[in-house]
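Report on one structure; see the data block that follows.
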Amino acid sequence: PVSFTFARVWIPDADEVWKSAELTKNYKHGDSTLHLTLEDGMDIEHKLDDKTKNLPHLRNPDILVGENDLTALSYLHEPAVLHNLKVRFTDSKLIYTYCGIVLVAINPYENLPIYGSDIINAYSGQNMGDMDPHIFAVAEEAYKQMARDERNQSIIVSGESGAGKTVSAKYAMRYFATVSGAATEANVEEKVLASNPIMEAIGNAKTTRNDNSSRFGKYIEIGFDKRYRIIGANMRTYLLEKSRVVFQADEERNYHIFYQLCASSHLPEFKNLKLGSADVFHCTNQGRNPVIDGVDDAKEMCTTQHAFSLLGINELNQKGLFQVLAAILHLGNVEIKDRDSDSSIIPPNNRHLTVFCELMGVTYQDMSHWLCHKKLKTAQETYIKPIPRLQASNARDALAKHIYAKVFNWIVDHVNKSLRATVKQHSFIGVLDIYGFETFEINSFEQFCINYANEKLQQQFNMHVFKLEQEEYLKEQIPWTLIDFYDNQPCINLIEAKMGVLDLLDEECKMPKGSDDSWAQKLYNTHLKTCSLFEKPRMSNKAFIIQHFADKVQYQCDGFLEKNKDTVNEEQINVLKASKLDLLVELFQDEEKVTSPTGTAPGGRTRLSVKPKEVRSGASSKEHKKTVGCQFRNSLAMLMETLNATTPHYVRCIKPNDLKFPFTFDPKRAVQQLRACGVLETIRISAAGFPSRWTYQEFFSRYRVLMKQKDVLSDRRLTCRNVLEKLVQDQDKYQFGKTKIFFRAGQVAYLEKLRADKLRKACVRIQKTIRCWLVRKKYLRKKHAAITIQRYTRGHQARCLVKYMRQTLAAITIQKFQRMCVQRKVYLQKQAAALVMQTILRAYMARQKYQGLLRNHKAVFIQKHVRGWLARQRYKRSLRAIVYLQCCIRRMKAKKELKKLKIEARSVEHFKKLNVGMENKIMQLQRKLDEQAKDNRVTSERLNCLETSHAVESEKLKVEVSKLKGIEEEAKNNANRVTSLLEQLERLRKELTTTQKEKKTIEDWATKYRDEMEKMVAELKQQNGLLKTEKDDLNRMIKEQSQQMTEKMTRALAEETQQLESDLNEERSRYQNLLTEHLRLEERYDDLKEEITLSVSVPKPGHRRTDSTHSSNGSECTYNSEFAESEESSRHGEDVTRGMDTSLTLKLQKRVTELEQEKSSLRNELENKEDQFQRARVRDDEEHKKSRGAELEYESLKRQELDSENKKLKHDLTAMRQSLLGNAGAGAGAPGSPPYKVLMDQLNSSCEELEVRKEEVLILRSQLVSQKEAMQHKETMTEPVHYAEDVHKMKDSGAITQAYLGLKETNRLLEGQMQQQRRSYDNEVEVLRGELQSVKEENNRQQQLLAQNLQLPPEARIEASLQHEITRLTNENLDLMEQLEKQDKTIRKLKKQLKVFSKKIGEMGGKEGDTISPGQMVEETVRPVNIPRREKDFQGMLEYKKEDELKLVKNLILELKPRGVAVNLIPGLPAYILFMCLRHADYVNDDQKVRTLLTSTINSIKKILKEGCNVGANTVITLVTILSFYLCQKRGDDFETVSFWLSNTCRFLHCLKQYSGDESFMKHNTPKQNDHCLSNFDLAEYRQVLSDLAIQIYQQLIKCMENILQPMIVSGMLEHETIQGVSGVKPTGLRKRTSSIADEGTYTLESILRQLSAFHSTMCQHGTDPELIKQVVKQQFYIIGAVTLNNLLLRKDMCSWSKGMQIRYNVSQLEEWLRDKSLMLCGAKETLEPLIQAAQLLQVKKKTDEDAEAICSMCNSLSTSQIVKVLNLYTPVNEFEERVSVTFIRTIQTRLRDRCETPQLLMDTKIIYPVTFPFNPSSLALETIQIPGSLNLAFLTRV
């Protein structure tokens, strides 16, 4: 469905002035009402005016809302202007807006960071329309027009109280003081700025509308010289509100100075003023609010005193001023009482009047008398008449106001004296700060004067605007008609013409009995019927109404006469004139008699005073008797004359609300002021003509979408004409100029509507096509997916069916075999069970039978044995009893026998008997033994027989016994087994019972234990879970903590490293800034010294006296020439006429004198040291003279011998030349002739002999140097000259010894050469070994290739062999080409040497040599010349004479052109040459030569870089300055020159390091290079000096690049459309910006890239170190990023989505350039990060909180103020984009609140990164360096 949009209109509203509404029904002609819908959704009906039938104002498209210039709005009317200002002020926080030529400034009531020096630098040099509106842009435009058009300028700042006029004027003056600087060192710009706190203290006060309201108008003229630098200023004041001194309304204050004095009354210097709190004094307590929030009056007093001192008002005058001001406070507290109805009296000894008289130095009686009396004069007599209390009080107040006015004028005069220019003023810029249009409930004389002044200013403004419109139309050659605009000349005539309001007022003041009422009647009678602008109120006869340009104002006539007269009692003035206070007498010295008031002064609101431009002493009394109105009219006429003679610039200050709330917009108050200040009149004039203006290219770029391809022609003008004729039918709606198209109001909105409709249709079509494509793509994707799913599903189903069938068949088969297996198992189990049962049963039966048999047998056996056992037991018992009885009887008998024997034994006879009996017994026993033996023999025989038989039987019995034993044992075992089994069974039963009990117990326990364990396990599991959770938490916490600690440590380490790096960089930057400041001070010192010299005496032509310091530093400035001096004198010639600050000159002279004295003292001390050293040297010489006499004599003889030989050789050579010249024959000198051969032989022998002699001389020199080192006991580096003189004296005496030592040294040299040859031989052997190894490797490789080829098929083998052969031939070809190149180089070299020798031979042979052909010369001369010997002996040094040093510096440095000669040189050749010269000076140990060479080199480089014009970065390049810039541009600003000498300075520094002998530097050298190290001097201090010089050159290089890149950056990075068609040109207003279309002369991104490539190629060509190039590129990219971002932050039209895309594309191109140059790692890309993030910020979504979070995390390189600024400036270019809401911006601010960063808005483009010079050794051998002839250095000798 198609949606229709109705028109949006503005309708009047009582609260908001205008409300936005949208039509809900089409309007038809004749309708009396409009159906509207408000923005809040409410439907209303708006009735049209019955008389006019005017339709409501149309609303502008949304993309035009918030424009920088109100004239860019398509519909120009009051609601559009009001809405645009409101959107910019409240939503975008922008306080400045252009309205054509007017800058509208809205007071934000908040301190904004938009007035710093970075903002000033950003606006400096910019066109007014190229940046966002700002007071600095207006000031820059005025400054630029002053310099370009040679015409004075004025900035008119107007507005009502509290609108910010004073602040705007203050910032404009600050801008001038910053960008222009001062012509002298007197700090004029500081004095101009210092006048602001003084004038604010004595002229500003707190009102209900403003805390710092200016109660006077002022016009400050800032003077400039021819170079447009501030030289002085002058101030004119208007309309001081004197009545505020004695009267303040509620919530208001008196002038600030009174409260500052009261707040500082406790200080010692203010004790004598006898002041106290401000609440004590009547003049300061009427407002009942003496304090301003945020203002410290005591601190402000210190600021005021400092400003007084800075402006030259001494402490005595300050003290007098403060006395007078304190006296005014005391005078206000003087109480006057009624004596009667017609007189008054002051009580005696009034404390305040006493203090007043003491402070003013007057008598108490006179002052108290004339405060209560007045003097009346008649024609004959004079009367003294008392006056009533009311008149006396008015007279007291009039006196206080008069004194304050005098003080105010005195301060203004002294401020002007302090700011007066000391030289002739060339031009000026005036800043007018004056009241705006005022209207109150009660308006009096002061409002009348203010509005009269605004009428004059508005007339001038209207004429200027009309003039600009007319000039624009004439310039574009379009037909135009007179624009009807409001002319307020009738209102001005009503006020100032003859019989006007002021004329009638002055006439009434002259009348003796004139009054306000009679004056009002005269006004009614004169103007009521004749002037439509004059009206009479209905309800009053003491008021009148004037229709001003802004509004009707009703004035009350009461007090007009008295305020116009502004008189004071003459006698009171006379009392003050008689004061003892000198300052008070000075204040009233020009006071003339004035008429005393004739009546009571009515109480008015204010009383005015006019400060004329000049007060001439001795003027007529009539001049002083002029009324206030007359004086004001004259001063206003003078002001208008000044303004008409200048080019005006308008600033209109608007007060947004009366409550002083920040960024709060009250539409009612704003529209009142817009009507009053002329902004709407400007809009009306613009709307009456052609307010919208487009260039043809801009129109084509914007509305290209409305054209068809066939409408686009090569002629843009014709294309635009054809398209407009089709789009807009009414040709009166536009006009075609020469360069622009002019549109009537509303046409741009119509074209924008057409464009938006076309884009909307195109969007719909694109959406339709894309949606169709997306849906079709989605359908096809779904269809393909469905078919695929079906295919896979059907396949899956088929596979499932086959699988099912296979599984069924397998299941049946498995069931069959499984069932069979089961049945077979069952059968086998049953069969096995039956067999087992049968087996068991049968076995059981057999066992039962066997056991029965066994039991019977065992029972019998048991019975048998039991019975036998029982019998045996009985037998044994019987036997034991018998034996026991026998034993007992025998024991009894034995005891008896024993007793007998004991008795018998006691007697001898017994023994005898015993023995006899024993013998008998023995005999008997013997016989018994014999008998027994016989019996035994018989028995044994019998026994043997028995034994034999018994053995047989026993064997039988044993067998049976054994059987029985077996049976018995078995029975016993069975019995035991049965018993044991029964016991075991019983035991088992018991155990079973016990076990059952235990089992039950255990089961109970187990159940209980299981329950407990389950419970415990559950608890343990729970605890384990908790422990695991805690463990996991702890592990996670530990891990997080360790990670955090690691990150923290890493971050801390990184921060510490970064901090250390930043500290190091800051230290480097600080040191390099100090170097820059030191260089600037040196240049300033030189300039001042030259100016002093020129001011003392003008030099004669061709001669110039040199300063004493120059003559004393001759060794350091030996290269100065007359030409350079004449250039410097011509360059500084125009400074002769410039005024010098005397105090600064005296200080500099004093400092120069001190430096000279210090230098002379140091020189004397040095001479003393040299004398002491000389005396010590003399003593050492005397001691060593005797020991070295013989050696010196020998050396002298040897040297004499060499000299004689040399003379002899020279003589022979001369004779040969003469003989050759004497031969005039034609063939005498031909090649091959005998004379020629003889000549060549002798020449060769002479050359060889000469070379030998040279070697001996060099050996002797080296020996002298070594001997000099041996003699150098106490000698230092700074005193080698005296020793050289001593050696020179010893030449004659010790020549023999020196020759002897020279021979010894020759032997050493020969040994060294032999060792060197041995080393070379070893090296050759090593090389041959390496070649042999390489040959072996090649052979192995060939064999491997051959083996591989043999394994390949024949075709591949052939191809591989061919490929190998081609590779081999290619390598051989390359080797041969290299050898050929080397041979070519050798041939060219030999040819050059041949030419040299041919020239010599030609000189020797005369004219005959000219006939020799080149071919013959080659054949004959190449052979005998011994070239390699010279090259081998070269030691990499260059010798020059002392007198050739100036020539060396001049040819090698001063006159060397990098674009000419230096292009063809090897990189760093001048540095190598200088170092080789330095090496020779070091080799000969010449201290003075080393010092002078280094000093001359450094000073020459400084001089060549110092030449050129130093154009300040903040100076506006006008037409004159551009011309002078190009006329005086020299090599100092030439990038190639600076780059060339930066490269050579760094190379020279690296050479000093490389050959210094330091091990840290020598490790990079070759052995040959180490042999070339410096041997005598340590030049570390000079390395530091060269490093400082390189830093200065680097900074100059950066400034040169910045000056070249600066004009390109904004145009190329922001304005030019790199991607064409992405961003259309929006309508701009009167302030046209630079077009983004790439016209001729505009810069593009390609221009920047080409310039960067040119910089890079130049530095590479000059051989700049790669690390230094990286630092330069990083600085370049920082400048590009910083300037681009700063302009983006100050240009609202650049903050759009499409511009963000352009910027990102441009940045990608810069990164691509870095990649091409291999510089991605140099840190340049990181410097563009803020710009990249700003571009991303323009493109990201800016709606939700997630977007805000993403923005905060993304923009870490941008500050909070920068992010908020970009969001506030974001402007949709098309209707499809949306603005950023205020809530979203507040969300961003809340999220970024905790950021710690500087509040600076812009990046500092003046930052230069600290530079380092990493050591970069050179691989170039010094002995191989050749000096081109183009350098003109033929006087250098290679050593």
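Positions of Cβ are set from backbone N, Cα and C atoms, glycine also.
Taken from TrEMBL, the feature domain 'Myosin N-terminal SH3-like' covers 4-56. The residues of the domain 'Myosin N-terminal SH3-like' (4-56), classed with DSSP into helix (H, G, I), strand (E, B) and coil, number 0 helix, 24 strand, 29 coil.
Feature annotation from TrEMBL assigns domain 'Myosin motor' to 65-756.
Look at TrEMBL and you will find Gly159, Glu160, Ser161, Gly162, Ala163, Gly164, Lys165, Thr166 tagged as ATP binding site.
Among the features that TrEMBL reports, region 'Disordered' is placed at 594-622 (among others).
Taken through DSSP, the region 'Actin-binding' (636-658) splits into 9 helix, 8 strand, 6 coil. The region 'Actin-binding' feature in TrEMBL is assigned to 636-658.
Confidence over the coiled coil (908-1091), given as mean pLDDT on the 0 to 100 scale, stands at 78. Positions annotated as coiled coil by TrEMBL: 908-1091 (among others).
Per TrEMBL, the feature region 'Disordered' maps to 1098-1141 (among others).
For 1109-1123, the entry in TrEMBL reads compositional bias 'Polar residues'.
Look at TrEMBL and you will find 1128-1138 tagged as compositional bias 'Basic and acidic residues'.
As annotated by TrEMBL, region 'Disordered' applies to 1157-1201 (among others).
Annotated coiled coil per TrEMBL: 1318-1400 (among others), in sequence order.
Among the features that TrEMBL reports, domain 'Dilute' is placed at 1495-1794.
Looking only at the binding-site residues Gly159, Gly162, Gly164, the densest Cβ neighbourhood within 10 Å occurs at Gly159. Among residues of the same chain six or more beyond the region 'Actin-binding' (636-658), those with a C-beta under 8 A of the stretch's C-beta atoms are 85, 89, 99, 101-109, 135, 138, 141-142, 145, 149, 151-165, 168, 172, 208-209, 219, 236, 238, 430, 432, 436, 452-453, 456-457, 460-461, 464, 613, 664-666, 669-670, 673-674, 677-679. Of all the binding-site residues listed (Ser161, Thr166), Ser161 has the fewest other CB atoms within 10 A of its CB.
Neighbour count (other Cβ atoms within 10 Å of the Cβ, all protein chains): 27 for Lys165 (ATP binding site). Sequence-ordered, the extra residues of this chain that approach the ATP site, with Cβ no more than 8 Å from the Cβ center of Gly159, Glu160, Ser161, Gly162, Ala163, Gly164, Lys165, Thr166, are Asn107, Arg209, Asn210, Ser213, Ser214, Gly436, Cys653, Lys655.
Shown in sequence order, Arg209, Tyr435, Gly436, Phe437, Glu438, Cys653, Lys655, Gln673, Ala676 are the residues of the chain, 6+ apart in sequence, with a C-beta less than 8 angstroms from the C-beta of Glu160 (ATP binding site). The Cβ of Ala163 (ATP binding site) lies under 8 Å from the Cβ of Ala105, Asn107, Asn210, Gly436, Cys653, Ile654, Lys655, Gln673, each on the same chain and at least six residues away in sequence.
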